[in-house]
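Features reported for this protein in TrEMBL:
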ACT_SITE  Glu113  active site, nucleophile
ACT_SITE  Glu117  active site, proton donor
DOMAIN    1-227  domain 'GH16'
SIGNAL    1-29  signal peptide
Amino acid sequence: MERRVSPMPILVSIAALLLAAASSSLSEAADSKGSFEDNFDIMWSEDHFTTSEDGQIWHLSLDKETGCGFQTKQRFRFGWFSMKLKLVGGDSAGVVTAYYMCTENGAGPERDELDFEFLGNRTGEPYLIQTNIYKNGTGGREMRHVLWFDPTEEFHSYSVLWNNEQIVFFVDKVPMRVFKNNGKENNFFPNEKPMYLFSSIWNADDWATRGGLEKTDWKKAPFISSYKDFNVDGCQWEDPFPACVSTTTKNWWDQYDAWHLSDSQKLDYGWVLRNLVIYDYCKDTERYPTLPEECEKKLSKVIVPDKWKEGASNTTEGGGRKINENKLLSKKKRWTPYGTTKCTICKQQVHQDAKYCHTCAYTKGVCAMCGKQVLDTKLYKQSNV
């Protein structure tokens, strides 16, 4: 799970933000950088963890025996959490790289959690990013996106902005998902418990790729995910109650501009919703005949600037990041979100490589991308591929 500038909920440059964060009284807020050893402990399989010669790049590997994972030494409540990742390249079907925040070390029954899960695929097929949110052990708030780039070729930033008003998942400078606090009593918004930050690589070929149809090819092992440039600017938790919790508004990540997307970020977010989302639990009426309460206020209509529409200028701006459409289209059509493909059944616009929208695929018990029958319909409906 992570982001910035166009992403950062503030209408100023990153440099200005960093200057403001540094110059304002941080009130015991922690700004964590430094070495791996300074910030993390390895959770399991230390022999599957390596670093570059200078120690600035960290690698987790997965083979048929085991994966590997790490977690922060400290817990945090609210802040900005960012890491650069380069995902497993080639045939990564069944492999999941998880980058997430959680209140507990393990799947505790009362945990709060903010998830980025990167779902591997066959060579040449796009990675899917699944985000999810848990409160008091209850999740089921999945969204899935495709990306406008190949996340295995180079490092990209994945960040989370978390304050009492909203949770925003960022990829590079683009807000991919916004989860708002509706302010109602007992609402589904994790804001009370401090969280560790984790990352791990593991085998999930029972569900991760096409609902479990595509199995991990262990002849391709080891599978390696890489990390660098960890950055936290947040309220470091110290029992029983750290002073920074009551003064977080002295930090940029918990001021008014960080409680809402900026105008430019709203445009970026609209572009994401229109082009990159392939599953949204708030639209899954088969799974939720009565939608969760927070779905009522989600953005239902988005505006996409003409410059992002098909046939517009060859270079578009996405979250302050230039996206060369020609490069995407010529390299691999499947990497671009631009297209006019429609669901075979309902004719709703779908991702360029898909045959069905998620609702129709779900109803038929088939893979939305290839149209083949899913072996285990129950598993398919649970995983919402």
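Glycine residues also receive a Cβ, built from the backbone N, Cα and C atoms like all the rest.
Predicted automatically and left uncurated, TrEMBL annotations should be read as such.
Across the domain 'GH16' (1-227), the prediction's mean pLDDT works out to 85. Every protein chain considered, the tally of other Cβ atoms within 10 Å of the Cβ of Glu113 (active site, nucleophile) stands at 22. For Glu117 (active site, proton donor), the same-chain residues 6+ apart in sequence whose C-beta sits under 8 angstroms from its C-beta are Val96, Thr97, Ala98, Tyr99, Tyr100, Ile129, Gln130, Thr131, Asn132.
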